[in-house]
Amino acid sequence: MTQDELKQAVAKAALDYIKPHIDEHTVIGIGTGSTANYFIDYLAEIKAEVNATVASSEASAQRLKQHGIPVFDLNSVDEISFYIDGADESNHQLQLIKGGGAALTREKIVAACAKEFVCIADESKLVDTLGSFPLPVEVIPMARSHVARELVKLGGDPVYRQGVSTDNGNIILDVYNFAIADALAVESAINQITGVVTNGLFAQRPADILLLATQNGVKQLHC
Ligand SMILES: O=C[C@H](O)[C@H](O)[C@H](O)COP(=O)(O)O
């Protein structure tokens, strides 16, 4: 199977995973990216059963609406029942790097409100140590140089993602050459830098389950 076929297979597995639990009170949080897009397309097949979703990006909200799936503002719902989203990397504790598509902040907010975070990924995303994928950091534009200097002090190699503005009107610095042994500590240290909105480490709020598409089928990993 190609990587795209694996993404599609895991998106279908996520739908099968949550479908028995969907009722009129269920609010589904929707992630961002190519794997999440496949999930949205599968969700459309059962849209009559879906009363509410909350999207983690303008792009996902638009795709949901195109399918006729109801999208709500996060402030108008009590709790997210399931949050379904992809990742750029996951370790075996289900701590993640996200934000390759610049949606990390809204993703982190929706994940924080979720009862269960179901991460969906193909097997290339599973790593022993996070950090081969450059760590995205969302930054208030005027703080770009200051934050970059502070990231260098932490041992990283930040690169400005040219031409990208997040849904919140901010910029992204991608931090290269960070071997992230203690993801909790790194997440918290970067978030202490003035001017940082948040970073793409999901360690304080890891996934609850990782559905991992492999050539031998979709596996379930728990931390
Ligand atoms: O900002 C983007 C998100 O964090 C995505 O979930 C992540 O980049 C994975 O994307 P994909 O499913 O396209 O590999």
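Positions of Cβ are set from backbone N, Cα and C atoms, glycine also.
Secondary structure at ALA87 (substrate binding site), as computed by DSSP, is coil. Of all Cβ atoms in the protein chains displayed, 26 besides its own lie within 10 Å of the Cβ of ALA87 (substrate binding site). Marked as substrate binding site by TrEMBL: THR32, GLY33, SER34, THR35, ASP85, GLY86, ALA87, ASP88, LYS98, GLY99, GLY100, GLY101, LYS125.
Counting only residues at least six positions away in the same chain, the Cβ atoms of GLY31, THR32, SER56, SER57, ASP85, LYS98, GLY99 sit under 8 Å from the Cβ of GLU107 (active site, proton acceptor). Under the three-state DSSP scheme, GLU107 (active site, proton acceptor) falls in the helix class. Annotation comment: TrEMBL describes GLU107 as active site, proton acceptor.
Apart from THR32, GLY33, SER34, THR35, ASP85, GLY86, ALA87, ASP88, LYS98, GLY99, GLY100, GLY101, LYS125, the substrate site neighbourhood in this chain, defined by C-beta within 8 angstroms of the site C-beta centre, holds GLY31, ALA36, ALA103, ALA121.
Among THR32, GLY33, SER34, THR35, ASP85, GLY86, ALA87, ASP88, LYS98, GLY99, GLY100, GLY101, LYS125, the residues given in the record as binding substrate, the maximal Cα to Cα distance rounds to 16 Å. Ranking the binding-site residues THR32, SER34 by C-beta neighbours within 10 Å puts THR32 at the top.
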